[in-house]
Structure formats: C-alpha cells, structure tokens
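Participant: Okay, handing you the structure first.
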Amino acid sequence: MFQYDKSRIDTKRRAGLDYKRKQFATPTYKQQEYVHRLNFYEIPPTAEITLEQFEQWAIDRLRILSELEACSYRNKTPAETAAHITPLLQKFLPLHSNTASSSGVDQRLKDERQKDHYSHFILRLAFSSTEDLRRRFVRLEAMLFKFRFQQDDSKERRAFVESLNFDWDILADEEKQELGESLLNATPGLKRTDDEGWFKVDWERVPELVERKGILVKKGKAYVPLREQLSMILAEFNARLEKALEFTSRALPRLDEDDRLIPILDHLSKNFGTSDTSYTDGEGAVPGAAINAASVDALSRHFPLCMRNLHMQLRKNAHLKHFGRLQYTLFLKGIGLSLEDCLIFWRQSFRNINDDEFNSKYRYNVRHAYGDVGGDANRRGRGYPPYSCQKILTDNAPGAGQTHGCPYRHFSVDNLISLLQATGVNDRETLQGVREDVAKTRYHIACNRVFEYVHKDDLKKAKDEGIMNQADLDTIVHPNTYFKRSYQLKNLGKLSKADVEMTT
Ligand code: SF4
C-alpha cells in the first residue's frame, strides 16, 4: 500500500544475501518505533491497515488541518487557535506524551502515534498532485507540528530534537567573540552574546528568520541564537516535507491502477478545507423538534443563507427550478422532514398550479430524492444525502433564473450583502469581513462568520454554561450542520450537555 525506500533495507541482511538470488529475496523494512511523541515523518509506514482505517484516519487528520486553516483564515490569535484546536485534537487525533503513561510507551500511545504517522502519509498521497495542494499541506502540517512541539514536555522535546541528528554547527567561542558587536546589533533583544548558545547554518535553511531580519547573515551563513531553535526545526520540517511531496507526486502515476485507493484519495483532496466526509445519514436531524410542513416557515430562520435564499424565492415566486428544488428537498429531508410532509410542503408552496400538474411534474422527483422510487439498490429507501457545502460550492453553478448554489459564491458581492441585510445581518464589521472572505474565495469562512455573529450571545451562553464546548463547535461545512447548531443554540434552555453530545 505504501511506497518503500530501498535504502531502508537492513544492511546486514543485504550483505548476507546471495547476490544471484537477491532479486528474489523478501526485503525487510525499518519500522518506526514511536519512541517519541513527535514525528518528522521520515520513515514511511509499512504495516498493513484496513481500507476503513486508511480512510477514517485520513478523514480525522484532514478535519484537524481544515480547522487549523479556518483559524488562520479568521486571524485567530495563537491562544484562540489553541483553545479551538485542543479539544478537536483530543477527539480526532490525540497524541499523548510518554509521561502520560506510567508504563512507558504502552499500546495506547503506540496506537495514537501510529494513527498520526499513517494519516500523515495518506494525506501526502492525497495532497501531492498539484503545487497548490502541496503548499497548503506543508503549511498546515507545519502549523500542527509547531502546535504540538510547543505543547510537548520539555525533556521529551529535547530528546526528540537530539534524535533528529541535525547537522547544525555550534558556533565556537572564538568566532562568537570575533563577531561580538555584529551579533548583538543584528539580533534584536540581545544584550550579551554569551547569554546564548548559537548555531551557524546556511542562510537558506532559515528563510523565515532572515526575512524578519532577526539574525546576522554573513558570507552565506546565518547565526541563530538557541531560542530560535523552533524556527530552525520548522524550516527543516518544511524543507523535508516539500521535498518528500515532490517525490510522492512523481510516484503518484504508479498508483493510478489501484481502484481501491484512488477514489478515496481523490475525494480527500477535493474536500480539503470543506471536508464533508464526516456527515452521515440522519446526522442533521434534531430529535424532539417539531418539524413538519407547517413549521418550515418558522424554522427557516435557522437555515444557512443558501437554503434561506431558496425558501425566500419559493415564497416569492411559488416555484423553484429543478436544481433549487433538489438542493432544498434534500436539505429538508436532512433536517428530519418526513416524505409525506415534504410532499405537502411542496404542494402548498406551488400555489399557482393544480393537483394534476403537481402530481405529473413534481411529485416523482420529491419521492425520488427520498429514495421512495427509482434509484439504485444502495439508495432505495434512503435516497440521496443532503448536499454538503463542498458539493454546493463546486457543482453545477446556477444559470439565469436558477436559485440553487451558495450565495457567498454565486452572488455578486452587492447582491450578497443585500441578501444578508434582508435576513437581519447589518453589522458593519461582519459585512466587511464577509466581503474580504469572498474576495479571497473563502466562502464557507464567510458563512461561519455570519453564523458566529447571528449566534454570538447564544454561543457565549452555551460555552459559559458548559452545554457546548469547542469540540462541538468546529467549522461548519454542511448546511444541515448549520441548521442543527443554530436550532440547538436558540433552544439552549431545553438542552443539556448530554443532548448536544448525543446529537453531534
Ligand atoms: Fe450554504 Fe455552505 Fe454556502 Fe453556507 S457556505 S451558504 S451552508 S453552501
């Protein structure tokens, strides 16, 4: 399943092989032993895992990377990012230090580290195909590594860094004295050169430090104080990962024939940022809520802008075109509207046509979406899943007279702002943020920004009262998640923490 590196074949075994029969020998591989919590991902995985683990582990890691990306898009401070990401890491990709176990690196720690290790390599396969994906992946993996590095136990961190055997030159005392003044002048905040240990490296290896003019560069060498060790490690992490990804991208065509992995990898790379892989059938429903044909009007205040727009258009025109009907029907199914009520809802909404026309033109499509008629055997009885943001954002842009799609993506900015104002979003800062998000094509971030503005008091209350924590409030990437979270937040009085956990 994974690429192997010939240089990792045990050298003693290699020496002992009969040269003529070597080509028929079974190679043995170096196994990662997970002595350290942190990982530079130098050794590709070699053990077998199931296809389910392959997909699930990758999805869990992708979720973390997408959340880190959302935090950086929203300009969250390091403290806010830590508060957001810590519970999600605990839930999806925990990685405890050795001190967390009294019996050393026990099976639980090994399992966590294996998942971290393998999921990184699976996503390498998914995100090595284009330069844009490679760049984003390196950036987010470096953020994750940095976050974990800073959280690590200091003794374990030191042992990990030592294990990496970096070939950094330690600056000799004589050279340090020689450079004295120049070192002090070029290194902000330093009073005496002997307060610090120093490394000497080629300047290209620490571009970030060179760029922020925080170190002395002389004759191609950068002089880096010990406290900037993290920058050096990150530069090394980035450089190695960039190289490895290019290597992987060249090897990718060889995977083309693997029809088990290619669809999974393809799906993962398409969902980078707005992963919809975590949505399961029935997940958007809110047990106990009164959801029927007559309550859709009232419930529509909890709908995201895409569905709110469809609802408003339907009320205005007593009609929606095919793709709008399909997008909206699947969403309504997702919030828990029964087929019978959905048929009543559409029949009443198309008030300008008679029963015969409704039955001949529209009834079948609604039943089909619910899986009541037609479809393949897999979908019978279930129909199609509600569309995710990813699908709405990328599939089938609306043409003239069509109302499906995502307003953040498919409306002009002026029309988008007017629609937001019509739904009660008038806050100048939020609208400005939306304009900026949309300009940078971060549509789902704009949608989450609006959600947070509209629900800011309820969000505060839910957190203060411990009904929801950060792990329940990850970035919304599905219209049905938007509805459900909105509904729950506006009905906090009726909910307990257990209700939220049961339904998220
Ligand atoms: Fe709907 Fe998603 Fe667009 Fe929000 S980002 S309006 S939920 S498609």
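Using N, Cα and C of the backbone, Cβ positions are placed for all residues, glycine too.
Summarising the annotation, TrEMBL assigns [4Fe-4S] cluster binding site to C306, C389, C406, C447. Sequence annotations record features per position, and here TrEMBL assigns domain 'DNA primase large subunit C-terminal' to 300-483.
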Participant: Going by DSSP, is C389 ([4Fe-4S] cluster binding site) sitting in a helix, a strand, or coil?
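Facilitator: C389 ([4Fe-4S] cluster binding site) sits in a helix per DSSP.
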Participant: Any idea what the model's mean pLDDT is for the domain 'DNA primase large subunit C-terminal' (300-483)?
Facilitator: 92
Participant: Can you count the other CB atoms that lie within 10 A of the CB of C406 ([4Fe-4S] cluster binding site)?
Facilitator: 26
Participant: What is the total of other Cβ atoms whose distance to the Cβ of C447 ([4Fe-4S] cluster binding site) is within 10 Å?
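Facilitator: For C447 ([4Fe-4S] cluster binding site), the count of other Cβ atoms within 10 Å is 27.
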Participant: Work out the three-state DSSP category of C406 ([4Fe-4S] cluster binding site).
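Facilitator: Once the DSSP labels are grouped into three classes, C406 ([4Fe-4S] cluster binding site) ends up as coil.
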Participant: To test your reading of the [4Fe-4S] cluster site: which residues beyond C306, C389, C406, C447, same chain only, put their Cβ within 8 Å of the Cβ centroid of those residues?
Facilitator: P304, L305, I392, L393, P407, Y408, R409, Y443, H444, P479
